[in-house]
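One structure is given here, and the rest of the page talks about it.
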Amino acid sequence: MTKDFIVKDIALAEFGRKELDIAETEMPGLMALRAEYGDSKPLAGARIVGSLHMTIQTAVLIETLVALGADVRWASCNIFSTQDHAAAAIAAGGTPVFAIKGQSLEEHWDYLDRSFMFEDGPNLILDDGGDATLYVLLGARAEAGEEIIPVPTSEEEEAIKAQIKKRMAASPGWFTKVRDQIKGVSEETTTGVHRLYDLVKQGQLPFPAINVNDSVTKSKFDNKYGCKESLVDGIRRATDTMMAGKVAVVMGYGDVGKGSAASLRGAGARVKVTEVDPICALQAAMDGFEVVLLEDVVGSADIFITTTGNKDVIRIEHMRAMKDMAIVGNIGHFDNEIQVAALKNHKWTNIKEQVDMIEMPNGNRLILLSEGRLLNLGNATGHPSFVMSASFTNQVLAQIELWTRADAYDNEVYILPKHLDEKVARLHLDRIGVKLTPLDPEQAAYIGVKPEGPFKPEHYRY
């Protein structure tokens, strides 16, 4: 029988299983869902394509989906984020996975294509950044005669276009068939959600989508508290630099930016923030951060971190103006926040995996982390298990919702209801010793809620 996985070394499975066992103790939400739904198997019949960082925490998510009855095939959504022992553990357990840390862009899209290869085709997508959804929809448009990506503007676009052509040649009509049998997608990140809302505006979303990112127990925890721990971890592992006393610039003060600024401040750095949004800028200022123009500090700061989800935030002219040995990294989803492509003709020296020194024309050098991709996953191991449990519990609930109640949804983008958001939070309280104060019936009536919740209206902003 031909093996149905691609991992770096299947012998790493035992190591991965040991770390999985530890992670499970830190992921109470997922373990609670296994206990609640393990017997009823609400995902029986679901064939889920997963495109999300192949980490130890994701391995616990995958095994939860399988425990609830799903068939799963998995690829990583980032070329540097895979933890090879996690991928090996999942492959050894019988779930097809296609992910290697440091895979090429061509391999990235080939592996994603392989994750779709169920015998009867997939019927659900669990996405992070929207690559799996994009792949199917671009391919279906190409099959309809549209010229997709007529002039590729990046290596990434060249790779996806080539993979779509390859699949069309091998399996004519495949993309359209897959698109039409997908019951829905649950999306993990801000970037992927933005893509989904764009599809809705254009009338091109062919199935329902659940925006997991904007569940409170995802965006206000994973994005903020996860980055608060993982950003500095990534910088330290990559550079061994002491951050205390250094000047760090965080570009963007959304949830990820807030966590990143707090991370650097906690390490003793003097943190400055850049922002385009007046509300976020005011928040940063009132949190005690100096809000500046990048151009005014680019020559004096030591560390630059992008968190925006936008493109061309750090441009080539900024990097040429930086001091010698400035550290540049990104914790947004894609690598285009930093104009890495504009550096290709400069002298690169690889220091170690995902750490490069680049010499500028004036002789100054900069340290680029993970080639501008997610440094907390490329240079470290990403967010801790506990905070990822909250995010992934939302993902499992979203997959159950899409599979068991697909007919209740139109081809729009939805957010999980408040009672499920509160359920996710509640499942994590015992692990950290939190005790809730109960409302008596009179108190509940006074503020217009049920004693058991939900406690806030849908429009409440935490």
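Cβ from N, Cα, C; glycine included.
If you look up Swiss-Prot, you'll see Thr55, Asp128, Glu188, Lys218, Asp222 marked as substrate binding site, on the strength of sequence analysis. The NAD(+) binding site feature in Swiss-Prot is assigned to 189-191, Asn223, 252-257, Glu275, Asn310, 331-333, Asn376.
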If you tally other C-beta atoms within 10 angstroms for each of the binding-site residues Thr55, Thr189, Thr191, the top scorer is Thr189
Of the binding-site residues Thr55, Asp128, Asp222, which sits closest to Thr191 (NAD(+) binding site) by Cα distance? Asp128
Whole-number Å value of the largest CA-CA distance among Thr55, Asp128, Glu188, Lys218, Asp222, listed as substrate-binding: 17
By Cα-Cα distance, the member of binding-site residues Gly252, Gly254, Ile331, His333 nearest Glu188 (substrate binding site): His333
Can you name the binding-site residues among Thr55, Asp128, Lys218 whose CA is within 10 A of the CA of Val256 (NAD(+) binding site)? none
Report, in whole Å, the straight Cα-to-Cα distance of Glu275 (NAD(+) binding site) from Asp128 (substrate binding site). 25
Here are some binding-site residues: Lys218, His333. Which one has the most Cβ atoms within 10 Å of its Cβ? Lys218
If you draw a 10 Å sphere on the Cβ of Ile331 (NAD(+) binding site), how many other Cβ atoms land inside? 30
Cβ proximity for Gly254 (NAD(+) binding site), under 8 A, sequence spacing 6+, ordered by residue number, returns Thr190, Asn223, Cys280, Thr307, Thr308, Gly309
Same-chain residues at least 6 apart in sequence whose Cβ lies under 8 Å from Asp222 (substrate binding site): His383, Val387, Met388, Ala390, Ser391
Through the lens of DSSP with three states only, how would you label Lys218 (substrate binding site)? helix
Taking the Cα atoms as reference points, how far is Thr55 (substrate binding site) from His333 (NAD(+) binding site) in Å? 16
Which whole-number value in Å describes the distance between the Cα atoms of Lys218 (substrate binding site) and His333 (NAD(+) binding site)? 15
